[in-house]
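**Q** Please find one structure pasted underneath; my questions will follow.
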Amino acid sequence: MSLIPTLAETVSRARADLRMGLPVMIGGHLAAAVETLSAERLADIKALGRPLLALTGRRAETLKARAYDDGLARVQVPGDADLGWLRALADPAGDLMTPMKGPLFTEREGDAGPHKAALALAKSAQLLPAVLLVPAHAPAGLTVLAPGQVLAHLAGEAALAPVASARLPLMAAERSRLHIFRPDDGGEEHYAIEIGDPPRDRPVLARLHSACFTGDVLGSLKCDCGPQLQAALAAMGQAGAGVLLYLNQEGRGIGLANKMRAYALQNQGFDTVEANHRLGFEDDERDFRIGAGLLKRLGFSAARLMTNNPRKVAMLEGHGIAVPERVPLVTPRNRFNTGYLDTKAEKSGHLL
Ligand SMILES: Nc1nc2c(ncn2[C@@H]2O[C@H](COP(=O)(O)OP(=O)(O)OP(=O)(O)O)[C@@H](O)[C@H]2O)c(=O)[nH]1
Ligand SMILES: [Zn+2]
């Protein structure tokens, strides 16, 4: 029956539910994202039983809570815990002001499948990875998912379909086209800027650029994104051909709100990698398969890739795009980005 939602559609719906503060049902548990949870819903969840707070191993490490379930901690929630208590565990903004949150007790028995799926869903909704779960029967109207299905779907690759394309003369290259691609799972659209008419049977000068609102649009001095974007387009304009993929993976996949949380932590003295970890994220949450998929869709099988990130090269090669050449993309340092660039070189393996 084609009118029943598919798994992709149900997962997408669940993501939207969590973002607006509506719980979802995962594997017989009611699951609510702490970031968007209201006091009324918290009271109703507590009335159903004893909830557990699912946190990533990264967040648990900062909070000195034991993570027994391989990268995941299920924290016991005391009976008198209120929204403020939950938010303080979810959000590291106040960690330095109020360091002692514990002692926190974590579950070791029982199945952590629903908790793992709920955290993966919260991350994919670009919310703080902190979800309250309680065993319950599904109240009418909530989105219902099985943990295995959620995890399998999120680990899979969304199919991207071309939606529209048109000529777009740029300062860097007058002969340019912008192509829009839309995933079939309700996720973010991604863009391809095709410069000139690159032959499909030769390695194309290519750049996989992850969105950076602060750098690309505002001209932030904290990172190298804006100058990299302009330098890549200029190089392609000069060469007369190239393709720049503009991937909407803001903040290395954690979203702009979480990136600003990470910046606030950087103001407290943490570096870009530590900040992501304290928030409960990995330092890079991007899915680089999207770039390989788009290049293939555009008809390319080899790229001269403009990047300093060896992981991008490896991921393309692992997903069917040969990279015969890496073209370095080094932009000027300033006093605001020099620490960031050093951290990328030291901790993330960037070749700078
Ligand atoms: N979470 C987080 N994301 C950041 C920070 N600074 C920049 N970003 C994001 O990092 C990404 C940088 O993307 P890219 O320049 O494509 O990637 P890269 O891994 O640096 O690799 P190359 O530039 O190709 O060498 C963008 O999505 C930015 O929004 C930060 O401090 N924290
Ligand atoms: Zn940036």
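Each Cβ is built from the backbone N, Cα and C atoms, and glycine gets one as well.
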**Q** Looking at TrEMBL, which one out of Gln228, Gln230 binds GTP in the same site as Arg207, Leu208, His209, Ser210, Ala211, Glu250, Gly251, Arg252, Thr272, Thr307, Lys312?
**A** Gln228
**Q** Sort out the sequence-distant neighbours of Arg286 (active site, nucleophile) for me: same chain, 6+ apart, CB within less than 8 Å of its CB, listed by position.
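**A** Residues satisfying the criterion: Ser210, Leu247, Gln249, Arg252, Gly253.
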**Q** When the Cβ positions of the recorded positions Arg207, Asp284, Arg286 are compared with the atoms of ligand 1, which fall under 6 Å?
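**A** Near the molecule: none at all.
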**Q** If the criterion is a C-beta within less than 6 angstroms of any ligand 2 atom, which of the recorded positions His209, Ala211, Cys212, Arg286 pass it? List them in sequence order.
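**A** Near ligand 2, sequence order: Cys212.
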**Q** What Cα-Cα separation, expressed in whole Å, is found between Cys223 (Zn(2+) binding site) and Ala211 (GTP binding site)?
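**A** A Cα-Cα distance of 12 Å.
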**Q** Identify, in sequence order, the residues in the chain of Arg207 (GTP binding site) that are 6 or more apart from it along the sequence and have a CB within less than 8 Å of its CB; answer 'none' if there are none.
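**A** The list for Arg207 (GTP binding site) reads Gln228, Ala232, Met236, Gly242, Val243, Leu244, Leu245, Leu305, Met306, Thr307, Leu329, given in order along the sequence.
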